[in-house]
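Asker: The structure that follows is given in the form of structure tokens.
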Amino acid sequence: MKTLPLVLAVVAFVYLDLAHTLKCRSGNVCILGDDCSEGENVCFQRKNGTGVFGMRVVRGCAASCPSPIGGEEVSCCSTDNCNNSFSRFF
């Protein structure tokens, strides 16, 4: 009878994702994805026209949505791998 609570606790630990880590696309290639660090709850995508081929895109994790610098456009979202080119942003 004493083992029942222990078994239930183990089952709950195995099947519940108690510490979900956000996953975001990173770098300038949208195929790669990384686990965000603790406290980083937002995926971002920065776009500007200063790249070699006219458009530079950088993606990654952040604690909050970064502010745009210069003429860049910044988009943020908060679900796994949501910062790819085809996602909706807020």
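Backbone N, Cα and C define each Cβ position, glycine as well.
Feature table excerpt (Swiss-Prot):
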- Cys24-Cys43: disulfide bond (DISULFID)
- Cys36-Cys61: disulfide bond (DISULFID)
- Cys65-Cys76: disulfide bond (DISULFID)
- Cys77-Cys82: disulfide bond (DISULFID)
- 1-21: signal peptide (SIGNAL)
Asker: Quick check for the class: what is the C-alpha distance, in angstrom and rounded, between Cys36 (disulfide bond) and Cys24 (disulfide bond)?
Answerer: 7
Asker: Nearest by CA distance to Cys82 (disulfide bond): which of the disulfide-bonded residues is it, out of Cys24, Cys61, Cys65?
Answerer: Cys24
Asker: Looking at the disulfide-bonded residues Cys24, Cys43, Cys65, which sits with the largest number of other Cβ atoms within 10 Å of its Cβ?
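Answerer: The largest 10 Å Cβ neighbour count belongs to Cys43.
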Asker: Cα-Cα separation of Cys76 (disulfide bond) and Cys43 (disulfide bond), in Å?
Answerer: 6
